[in-house]
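Trainee: Have a look at this one before I ask anything.
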Amino acid sequence: MGDDVLGRGSRRDQEIVLVDIVDDDDHDDVPAVRRQDSLYVDATRASGANHRGGQEESWARTLRLAFQCVGILYGDIGTSPLFVYSSTFKDGVRHPDDLLGALSLIIYSFALFTIVKYVFIALRANDDGDGGTFALYTLISRHAKVSLIPNQQAEDELISKYNTGKPLATLRRARWMKELLETNRAVKIWLFLLTILATAMVISDAVLTPAISVLSAVGGLKEKAPNLTTDEIVWITVATLVVLFAIQRFGTDKIGYLFAPIILLWLLLIGCVGIYNTIKFDTGVLRAFNLKYIIDYFRRNKKDGWISLSGILLCFTGTEALFSDLGYFSIRSIQLSFSFGLVPSVLLAYIGQAAYLREHPEHIANTFYRSTPNVMFWPTFILAVAASIIGSQAMISCAFATISHLQTLNCFPRVKILHTSRQYSGQLYIPEVNFLLCVGACLVTIGFKTTVIIGEAHAICVVFVMIITTLLLTIVMLLVWKVSIWYVALFFIVFMSSESIYLSAVLYQFVHGEYVPVAMSVFLMIVMTVWHYVHVKRYEFELEHTVPRDKVKELLERRDIQRVPGVGLFYTDLVQGIPPVFPHLIEKIPSIHSVLIFVSIKHLPIPSVDRSERFIFRHVDKEEYKVFQCVARYGYRDPMEEAKDFVDALTENLQYYIRDVNFYTTGGDQQIFRSTSYASSIAESFASYEKHSGHAVYAEEMLTPAESFSEHTKQLSGRSKHFKQFQVENMNMQKMEKVQQEQQAILREMENGVVYILGESDIVASPHSSLLNKIIVNYIYSFLRKNCRNGEKMLSIPRSQVLKVGIAYEI
């Protein structure tokens, strides 16, 4: 076969296709197949992706999901009443009506940012059911080429889950936005930096959320044991945090069934206590629904009122975790449980506390427990500790998922990622990160000692992530959604202006504690930026120095090259071309395996890739060399298989590829169409072959109505008059025998053993590069690389089957 042929393994859920030879001169209205480098475009697309966040579902399932998401999503935001008032009135309540002003700010801030922005707008900007800042970035990157790594392929866009529809190229603003993102490198870099800043803030928040939540809950012990000192409360909190992080290794699915009832009881409790306090102390606090009290609050307190916004915004902490964990639930279930479960309970709690403080303003430092009836103290305390742990669990899990996603973008050093649940792929545990989060949370608790200072640090993470989410949502509205420009402008002006006011209030108190998450985020950004920068430079270097086709042919035809029995899987980042480390290997060891496959592991900006669409293949030069190039495509939530399972899947799909390129390519531009009447012809042909040759055709070699053919095919919308059926019954019997021999040869070599060849490139800065580049590459990156996990460990490759090839690159 020709060396440009590319194919893919079978797709078992689609109908059989028919081959048609299209004459472009006769059918100008039928688009011809375009060649993308050495790869052809696949067009056997599924009819559409089902999105977990927006698929139709029964009310029974909605109610069940609504109950479950109470435990997973609302622990963090549901425990905010523990510390909002104490963080808002750090110097005490100066005027009774200040409580009405603060309560009015809480009500309308909660409604504007949490309900309107996140629950009814942001949740619809999901990436095939996944939410969060990272998901917004991947959604944008699917509609515009914003990735800094030049490994985009046209074949990727034809994966069934890649696109939900065509970009709005007909709209002028969509075309303008797409062109701006794709052609302006500075915009690409800023978009990338904003995304990793938001993810860094989320990871930093996973340090602060456990600290402030658990410390607030444990602090209630002072009500029953007033002799406890602040240091003793701190050390009890530290012990609780250690236990919290220690149980992460077991996974949330082991205790997940307990979460929803606990949080439901917690919300019911704080709601009932809120009603009790409102009736008992002051029903007049309901006047806070009047916006007039917000105006009076700022007029009376001026600068101090503006500064107090850093405490008010803590009422909507946890919204990013709510958005990020969307993948486990549906939009309707979240909106239902949020609107009728969380919102009434939390607002009643804030209203009840304000009513209590109207009579007891001196209890502002510990409002929550002081406003709880004595008879309910111990149940409240136990539920508060449990709810704070569950809320912390949500942020920790969010941090694990974020780091896993960053690793797929090559933005984070390689770390060990464990999947704690066989049922839910998104439940992860990262030992190294878990240890660092635990140390960070304990140090923050010991260093700050009070929830007021930790709350100030917590606030900056919340507001930064919200602002970046607003920017990304605006791009999504312009590029992806069919939204009027006036709605986009209204959204941007309202949320960016209000969030900027909150940000200014937070930054004013920077030295009081906000510097801690900023320092952590800057450190994480440096790590992520350096790692990604070097990876991009290395990829560009390898792409620039790919081995020319003539050189590959010359190497394969050398007489001194020995063919070693077995299969060699040569891992490379390049998805097109042969890496420069290959001739380096031939020079040192003049031998190659009988079957050599260049394997590229590629992560796409989608949550998952169906197994039937995972592999694409092509021959490298002549067919008899048995040298292939394979791209294995994964989504950012797809777990990597064990090495043996990966080889089995690769072998199976390679068998399909060998069959397809022999039977269904006849030269020239070809189109492949779907048909439901094709399977019988295939079966008759193989039955005829069995009858005349005496050789059995194995079941897995038979074509079924679910299988697709080669990657160079393209689905057309033209009518039947534009094609002629390919007559399968006249297939050449010799070609069938040849295919079977090739497939059996591959299986024999697999039985002889598989060797995993890893190119270990030593990256150094060029002597003529800048001082900054030398510091980044020779010191920072070198340190990170030496202290992260090796490639064979990440791929779960047995050490006895690994062959490493070292080479130095100067970038």
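Cβ atoms here come from the backbone N, Cα and C positions, even for glycine.
The domain 'K+ potassium transporter integral membrane' feature in TrEMBL is assigned to 65-552. Positions annotated as domain 'K+ potassium transporter C-terminal' by TrEMBL: 565-811. The transmembrane segment annotation in TrEMBL covers 99-121, 189-221, 233-251, 257-279, 306-324, 336-357, 377-403, 428-448, 460-479, 485-508, 515-534.
I'd like to know what surrounds each of these features in this structure.
Mentor: A Cβ distance under 8 Å defines the sequence-distant neighbours of the transmembrane segment (99-121), meaning residues of its chain 6+ beyond its ends; these are 77, 84-85, 88-89, 93, 285, 287-291, 293-294, 296-298, 300-301, 305, 308-309, 312-313, 315-316, 319, 322-323, 334-335, 338-339, 343, 346-347, 350-351, 354, 357-358, 361, 466, 470, 473, 491, 494-495, 498-499.
When Cβ-Cβ distances below 8 Å are used as the criterion, the transmembrane segment (257-279) is approached by residues 67-72, 74-75, 78-79, 81, 285-286, 341-342, 344-353, 355-356, 371-373, 376, 379-380, 383-384, 386-387, 390, 393 of the same chain, each at least six residues removed from its ends.
Below 8 angstroms of C-beta separation, residues 73-78, 80, 83-90, 102, 105-106, 109-110, 113-114, 118-119, 122-123, 131-135, 202, 205, 209, 298, 334, 346, 350, 391, 394-395, 398, 401-402, 455-456, 458-459, 462-463, 465-466, 469, 501-502, 504-506, 508-509 of the same chain, each at least six residues beyond the ends of the transmembrane segment (306-324), sit close to that stretch.
Within the chain, the transmembrane segment (336-357) has long-range Cβ neighbours (under 8 A, six or more residues past its boundaries) at 62-63, 66-67, 69-70, 74, 77-78, 80-81, 84-85, 93, 99-100, 102-103, 106-107, 110, 115, 119, 264, 267-268, 270-271, 273-278, 280-283, 285-286, 288, 315, 363-364, 367-368, 370-371.
Long-range contacts of the transmembrane segment (428-448) within the same chain, counting only residues at least 6 positions beyond its ends with a Cβ under 8 Å from a Cβ of the stretch, are 206-208, 210-211, 214-215, 234, 237-238, 241-242, 245, 248-249, 251, 396-397, 399-401, 403-404, 415-420, 454, 457, 513, 516, 520.
Sequence-distant contacts of the transmembrane segment (460-479) (same chain, six or more residues past either end, CB-CB distance under 8 Å): 113, 117, 121-122, 125, 133, 136-137, 139-140, 143-144, 167-168, 173-174, 177-178, 181, 191, 194-195, 197-198, 201-202, 204-205, 208, 313-314, 316-317, 319-320, 323, 487-488, 491-492, 495-496, 499-500, 502-503, 506-507, 514, 517-518, 521.
Long-range contacts of the transmembrane segment (485-508) within its own chain (CB-CB distance under 8 A, at least 6 residues past either end) are made by residues 112-113, 117, 121, 173, 306-310, 312-313, 456, 459-460, 463-464, 466-467, 470-471, 473-474, 477-478, 514.
Sequence-distant neighbours of the transmembrane segment (515-534) (same chain, 6+ residues past either end, Cβ-Cβ under 8 Å): 148, 192-193, 196-197, 199-201, 203-205, 207-208, 406, 409-413, 440, 444, 457-458, 460-461, 464, 763, 776-777, 780-781, 784, 811.
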Trainee: Please work out the mean pLDDT for the residues of the domain 'K+ potassium transporter C-terminal' (565-811).
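Mentor: The answer is 71, the mean pLDDT of the model over that range.
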Trainee: What parts of the chain pack near the transmembrane segment (233-251), using Cβ distances under 8 Å and only residues at least 6 beyond its ends?
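Mentor: Answer is 210-211, 214-215, 218-219, 221-222, 385, 389, 392-393, 396, 418, 420-421, 427, 429, 431, 434-435, 437-438, 441-442, 445-446, 449.
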